[in-house]
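Here's the structure, in structure tokens; my notes come after.
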Amino acid sequence: MYYAEKYKKIEINLDISLEGDVDLQFLLQGGELTKVKSDSWQKKRFYRLQEDCETMWHESSKIFRKNNTFSIDDIDSVRQGRESEGLLKYTDDSLEDCCFSIIFKGKRKNLDLMASSPEEAKLWVSGLEKVITHMDNLNSQQKSEHWIISCMRKADKNGDNRMTLKELKHFLRQINVEVDDTHATMLFEKCDTSRSGTLEGDEIKQFYELLTYREEIEVIYGKYALTDGQMSAANLLTFLKTEQMASWSLEDAENFIEKHEPDQTAKQKKHLTKDGFLRYFSQKEGSIFNPEHQPVYQDMSQPLNHYFISSSHNTYLMEDQLKGPSSTEAYIRALSKGCRCVELDIWDGPDGEPLIYHGHTLTSRVLFKDVIKAIKDYAFKASEYPVILSLENHCSVQQQKLMAHYMISILGSALLTHPLGNEMPTAFILQELKRRILVKGKRLNKLDAAFNNNNTEDVDSVSEEDEAAEVKESDQKTKPKKSKIKLAKELSDLVIYCKSVHFNSFEHAKEKQAFYEMASFKESKAKTLADNSASAFVHHNMDKLSRIYPAGSRTDSSNYNPVPMWNAGCQIVALNFQTPCKQMDLNQGRFLPNGKCGYILKPEFMRNPDFLFDPNNLTKAPWLRRKTLHIMVISAQQLPKLNKDKPKSIVDPLVRVEIYGVAADRASQQTPHINNNGFNPTWNRNFQFIINVPELAIVRFEVEDYDTASANDFIGQYTLPFTSMQYGYRRVPLLTQSGGIIPSAGLFVHIMALDN
């Protein structure tokens with residue numbers, strides 16, 4: 001049957017079949033593993049990779065369980081050893097080499113497993129990593145083909161390599177298309193040239209081609225395919241320069257054809273077929289995100305305060321701030337997303353061991369030393385640029401000394417314990433702090449003491465603002481208390497470049513605050529300053545660090561809008577990473593470029609004191625580079641079904657385009673919804689936006705499922721800086737609420753920006 005042959009061809013082309021590969025063959029054969037949930041719940045279950053090489057099947061004791069599978073695409077990573085809290089807590093040290101964990105994307109719990117031997121554990125880990133890598137390396141077009149053919153196979157209920165009309169209708173619903181019986185019958189009869197009442201062989205091929213036909217691609221390709229019905233390298237170059245504003249050479253075009261054209265005959269002629277042209281849009285060259293902004297490309301030799309820094313609030317929490325679990329996993333996930341400033345709320349624990357949790361609440365607790373170990377292991381896996389540990393210290397002097405001991409002994413040479421160089425610095429340079437961990441907190445004396453052997457008291461009292469207390473105080477409309485705590489010299493001495501100080505006024509800070517001293521602002525205070533004293537705030541942040549944190553009243557771990565804080569030059573705009581929301585989309589979009597390293601260089605007008613930038617009062621100045629942005633939302637491809645439990649439930653998609661930035665640039669426009677078509681809806685809608693300050697603008701695409709009776713449901717989104725967009729016809733990938741890629745789904749748009 002066509003789809004069986006096509007599926008096998010895809011597997012071979014994607015190098016997934018890997019015939020003879022020991023690791024893959026082991027996964028396909030499967031085996032018994034011990035699933036670990038607690039001390040008492042450790043049960044053997046059979047696991048196996050299915051033949052599609054994209055789904056794991058597992059045995060379950062639940063008789064009525066509908067689905068005993070999970071997708072390889074749902075896996076974020078595989079960790080070998082006792083690297084999860086569960087395995088550390090419920091297994092013995094001697095089983096280290098037999099253990100591994102499967103970490104899922106989103107909020108799904110980790111799967112902690114134990115093999116019968118270290119050798120078997122290595123086979124599971126290496127095999128899974130190999131399959132995950134292959135899936136990640138597929139371009140969107142390959143994933144699309146893989147997904148469609150996989151759905152075809154599933155629709156063939158009896159496995160007879162034929163497709164009946166009933167199976168065809170089931171298949172269409174699987175891929176998110178609802179058609180009436182008349183249209184389905186007409187489509188079926190058009191392809192059933194043998195009049196056998198079933199589709200097979202070339203009839204399936206015809207149906208597949210009808211299904212995947214894209215008129216917009218046909219039109220664009222036809223305009224430039226001027227060489228025997230195909231695109232020559234010269235034709236491709238004309239398209240790239242005329243439509244895509246690309247600075248390619250003829251050699252670049254020829255190299256692209258050589259690399260991506262699937263037809264060997266066309267490739268020999270240096271021609272690009274329609275299939276090859278479609279593949280262009282599934283490569284980074286055809287994406288909306290500029291591939292030149294994918295690696296670290298900005299100047300990283302500026303002072304730390306010249307960068308926006310990806311920052312987390314209450315990093316230890318997996319859920320809400322009242323009774324949610326605290327976990328080392330939350331730190332691992334934040335650091336893996338490029339977060340460079342994490343928060344630790346530390347309190348006295350029993351047995352003399354400091355604990356991390358949200359004070360005055362019912363959140364669970366995690367050992368301080370376990371968090372430091374997790375930070376050591378994951379601090380520099382996603383980025384080699386510095387990590388800041390923002391300490392909210394509520395501990396006794398004795399446990400503070402233990403905190404200092406743990407940080408020094410566990411973090412080792414990565415922990416910055418002395419200013420760089422032999423004399424008092426005037427700034428701290430980002431590039432010089434690569435792979436270093438900085439401590440932000442209170443300090444008993446000035447930094448100069450590190451050079452003159454100043455004899456500071458071993459213990460003294462300092463004021464410590466208690467963010468957690470705001471949870472209790474918020475309902476009473478009273479200010480949070482500033483409690484006095486005794487500060488141990490051992491802990492104080494670890495605070496080098498991020499000394500916490502109270503903010504009085506911009507004038508006071510200018511006169512009294514040293515470059516290494518920084519203030520924290522609750523969101524309401526920061527918003528007031530950003531609204532009423534934006535220019536002064538911007539200038540303050542040219543040579544000082546500012547940290548913004550959510551109000552204590554946000555007990556559900558919701559987030560504030562970070563954009564006005566960035567507009568005021570604030571660097572450490574801390575958000576609840578554990579909460580999927582539009583605000584986190586904006587944060588991930590802001591830090592998408594520059595290698596996702598967690599540091600983005602602020603525009604020059606926010607770094608140079610000669611400029612008087614005010615985001616609320618735009619006058620003719622270097623930052624005012626007004627552009628007219630034209631966005632045409634053309635179509636979408638293979639949007640996911642939202643209600644998989646209801647086979648007849650099909651999405652009614654619409655697309656919203658939003659602009660964030662200075663107040664004058666904020667705007668939103670949307671398409672109408674398309675009824676019952678999540679597979680290939682078409683809009684061809686033009687939108688126009690005026691962008692006054694491009695360097696601060698962020699563009700967000702959101703796809704929703706329209707609902708007449710209630711709020712629309714989220715389908716997917718993609719957010720990126722205006723300055724990182726490519727022009728012309730582009731594919732927009734779509735991400736889940738938790739930030740994971742939705743395989744094969746995307747938007748097709750046309751982008752153009754003209755100077756005013």
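Residue positions begin at 1 at the first shown residue.
Even glycines carry a Cβ here, placed using N, Cα and C.
If you check TrEMBL, you get these features:
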type	residues	note
DOMAIN	143-178	domain 'EF-hand'
COMPBIAS	457-468	compositional bias 'Acidic residues'
COMPBIAS	469-478	compositional bias 'Basic and acidic residues'
DOMAIN	491-607	domain 'PI-PLC Y-box'
DOMAIN	607-736	domain 'C2'
BINDING	Asp705, Tyr706, Asp707	Ca(2+) 5 binding site
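The Ca(2+) 5 site, placed at the center of the C-beta atoms of Asp705, Tyr706, Asp707, has further neighbours from the same chain whose C-beta lies within 8 angstroms: Val651, Asp652, Pro653, Leu654, His673, Glu704, Thr708, Asn712, Asp713. Long-range Cβ neighbours of Asp705 (Ca(2+) 5 binding site) (same chain, at least 6 residues apart, Cβ-Cβ under 8 Å): Leu642, Val651, Asp652, Pro653, Asn712, Asp713, Phe714, Ile715. Within 10 Å of the C-beta atom of Asp707 (Ca(2+) 5 binding site) sit 12 other C-beta atoms, taking all shown protein chains into account. Sequence-distant neighbours of Tyr706 (Ca(2+) 5 binding site) (same chain, 6+ apart, CB under 8 A from its CB) are Asp652, Pro653, Leu654, His673, Asn712. Averaged across the domain 'PI-PLC Y-box' (491-607), pLDDT in this predicted model comes to 96. Under DSSP, the residues of the domain 'C2' (607-736) split into helix, strand and coil as follows: 9 helix, 60 strand, 61 coil. Helix, strand and coil content of the domain 'EF-hand' (143-178), in residues and according to DSSP, is 23 helix, 2 strand, 11 coil.
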